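Okay, structure first, notes after.
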Amino acid sequence: MISTKVTIAGVEWNNPVTTASGTFGSGMEFADFMDIGRLGAVTTKGVSFTPWTGNPVPRIAETASGMLNAIGLQNPGVEVFVNRDLPFLKKYDTKVIVNVCGKTTEDYLKVVERLGECDVDMLEINISCPNVKEGGIAFGQNACSVEEITRQVKKYAKQPVIMKLSPNVTDIREMAKAAEAGGADALSLINTLTGTKIDIHKRKFVLANETGGLSGPAIKPVALRMVNQAARSVRIPIIGMGGIMTGEDAIEFLMAGATAVAVGTANFRNPMATAEVIEGIQTFLVNEGINDINEIIGCVN
Amino acid sequence: MAVYDRALIISQAEAAPGIFSMWLETEKIAKEAKPGQFLSLYCGSEDKLLPRPISICEISEDRTALRLVYRVAGKGTKEFAGLKAGDRIDVMGALGNGFPLSGSKVKAILIGGGIGIPPMLELAKELDCEKSIVLGYRDLTFLDKEFIPYGQVYLSTEDGSCGVKGNVINAIEQNELQADVIYACGPTPMLKGVKAYAKEHNITAWLSLEERMACGIGACLACVCKTKDTDHHTHVNNTRICKEGPVFLAEEIEL
């Protein structure tokens with residue numbers, strides 16, 4: 001019997017696969033296509049204290065083996081999440097990770113405090129969204145502010161705290177260490193890489209926001225490198241993400257040092273993508289004669 | 001309920017320069033499909049990640065096949081145009097809400113503009129009432145003759161090469177068309193014109209919108225449009241075109 005169980009900050013997942021925030025909603029749209037309960041965890045779309053309208057359209061553009069998005073964290077706010085989305089997720093045997101976003105430190109803390117009263121397994125703090133002007137990435141590009149907001153969130157959080165890091169920095173190791181110093185229980189990386197696309201016939205940017213976050217297979221080598229660098233720099237567990245489409249891609253991230261992985265853009269191409277990644281991981285373990293998935297975590301280091 | 005299928009291509013032909021007509025055998029999707037709904041079509045090459053939303057043009061009488069009429073606009077649609085009868089393609093559908101088929105005893109105007117014309121064909125077939133069909137083109141016409149069995153057809157072209165010179169509203173006014181309800185699909189400037197015309201004449205109008213999409217199933221929130229009131233799902237004045245649309249009551253949305 002092969003074990004795919006992993007433990008992150010004291011929370012045991014049945015397998016190491018979750019969803020990347022913003023690519024799976026709260027799972028409702030995917031329930032037609034797959035059993036949500038097969039996932040190790042569901043990571044929700046970013047939740048803010050009040051409803052956010054997001055950015056103007058066009059909000060997405062396709063690029064070679066990737067896509068740019070500038071959704072701008074549109075979401076209905078924490079009360080709707082707690083009353084509508086959370087009861088839906090609690091029907092399934094999967095861990096619930098709520099992604100938290102805010103424009104000010106106080107915004108984050110209000111959401112964290114509200115979720116402290118709820119049956120949520122873990123919090124993922126988004127300090128790395130490239131598409132909102134205030135908050136978001138402004139917190140994630142400076143080691144001092146990463147450490148400070150982590151410390152603040154930890155004071156209020158009732159659940160383990162995962163800090164989601166941005167790749168749009170000079171040295172990911174500094175951000176990883178800063179989050180760890182601030183008391184983070186885990187890290188997730190990478191968020192999207194800032195990019196743009198130009199319509200040469202109209203001579204203008206494709207996205208209304210001009211720039212967006214690049215995701216998909218195009219960013220996988222960068223993500224793997226950063227996950228590996230972070231894994232060598234901190235002791236806390238890492239959830240790795242960036243262009244994972246298959247079980248083999250997920251195995252690469254685990255070998256690079258991630259304890260779990262998140263599937264993102266693949267959900268847009270194939271609504272069963274997460275289930276297929278889980279199957280792909282199991283097939284790999286069987287074929288390689290590995291009994292416990294934890295044997296391969298960080299094995300290349 | 002939307003399903004994923006690997007559909008068999010029954011036929012593929014160029015209906016006009018750059019406009020292709022493709023019949024797909026997909027019983028799983030066709031049996032539930034409604035006019036105004038769309039499919040997500042997936043490219044074979046994985047460097048083109050996102051599905052392409054394409055509206056349903058016709059549903060076969062035995063409800064085992066769907067017809068799509070689409071314009072080659074980029075690399076994805078170019079790949080689709082290269083597929084031949086016997087090939088297979090991954091599709092998901094039927095997506096979106098479709099046009100409401102209000103009962104008979106009303107007079108309807110169906111308006112299609114450019115590549116917004118194809119979804120009006122199945123609607124023209126299924127809508128049981130007196131119909132005027134107004135089709136707007138830039139210059140070259142396509143699909144227009146196929147509407148003849150279902151109502152009186154009026155054409156407009158920007159260059160005046162066929163029908164009324166001008167746009168679909170010019171065609172409606174010059175032909176003095178009357179209606180209780182309007183159904184329209186086409187480019188946003190046309191839909192803005194239709195919305196204003198319907199408001200001025202106190203006519204109910206259903207508009208089918210288009211926007212860049214990623215997932216097609218309501219998760220990514222890429223394809224939103226502004227709404228007059230707060231949307232029930234997102235709790236802001238932004239609704240999802242792929243899920244709550246693509247067809248909306250004109251007065252509920254802002255263009």
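Placed from the backbone N, Cα and C atoms, the Cβ positions cover glycine too.
According to TrEMBL:
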type: DOMAIN; residues: A:5-285; note: domain 'Dihydroorotate dehydrogenase catalytic'
type: BINDING; residues: A:Ser21, A:Lys45, A:Gly46, A:Asn99, A:Asn126, A:Lys164, A:Ile190, A:Gly216, A:Gly242, A:Gly243, A:Gly264, A:Thr265; note: FMN binding site
type: BINDING; residues: A:Lys45, A:Asn69, A:Ala70, A:Ile71, A:Gly72, A:Leu73, A:Asn126, A:Asn191, A:Thr192; note: substrate binding site
type: ACT_SITE; residues: A:Cys129; note: active site, nucleophile
Using Cα positions only, nearest of the recorded positions to A:Gly46 (FMN binding site) (A:Ala70, A:Cys129, A:Thr192): A:Cys129
Cα distance, A:Thr192 (substrate binding site) to A:Cys129 (active site, nucleophile), nearest Å? 8
In DSSP terms, helix, strand or coil for A:Asn126 (FMN binding site)? strand
Filtered recorded positions (A:Gly46, A:Gly72, A:Asn126, A:Cys129, A:Ile190, A:Gly264) by Cβ distance under 8 Å to chain B; hits in sequence order, or none, are none
Just jot down the residues in the same chain as A:Lys45 (substrate binding site), at least 6 apart in sequence, with C-beta under 8 A of its C-beta; none if empty. A:Ser21, A:Gly22, A:Phe24, A:Gly25, A:Ser26, A:Leu73, A:Asn75, A:Asn99
Among A:Ser21, A:Lys45, A:Gly46, A:Asn99, A:Asn126, A:Lys164, A:Ile190, A:Gly216, A:Gly242, A:Gly243, A:Gly264, A:Thr265, the record's FMN binders - longest CA distance, Å: 20
Candidates A:Ala70, A:Gly72, A:Thr192 (binding-site residues) - the one closest to A:Gly264 (FMN binding site) by CA: A:Thr192
Give the distance between the Cα atoms of A:Gly72 (substrate binding site) and A:Gly242 (FMN binding site), rounded to the nearest whole Å. 19
Taking only the Cα atoms, work out how far A:Ala70 (substrate binding site) lies from A:Gly242 (FMN binding site), in Å, as a whole number. 17
Residues satisfying Cβ distance under 8 Å from A:Gly242 (FMN binding site), sequence separation of at least 6: A:Pro167, A:Leu189, A:Ile190, A:Ser215, A:Ile219, A:Lys220, A:Val222, A:Ala223, A:Leu224, A:Met226, A:Val227, A:Gly264
To the nearest whole angstrom, what is the C-alpha distance linking A:Thr192 (substrate binding site) and A:Asn126 (FMN binding site)? 12
Most isolated by CB count within 10 A, of the binding-site residues A:Ser21, A:Asn126, A:Thr192, is A:Ser21
Among A:Lys45, A:Asn69, A:Ala70, A:Ile71, A:Gly72, A:Leu73, A:Asn126, A:Asn191, A:Thr192, the record's substrate-binding residues, the widest C-alpha separation in angstrom comes to 16
Return the count of C-beta atoms lying within 10 angstroms of the C-beta of A:Gly264 (FMN binding site), excluding that atom itself. 28
Run through the Cβ atoms and count how many others sit within 10 Å of the one on A:Ile190 (FMN binding site). 28
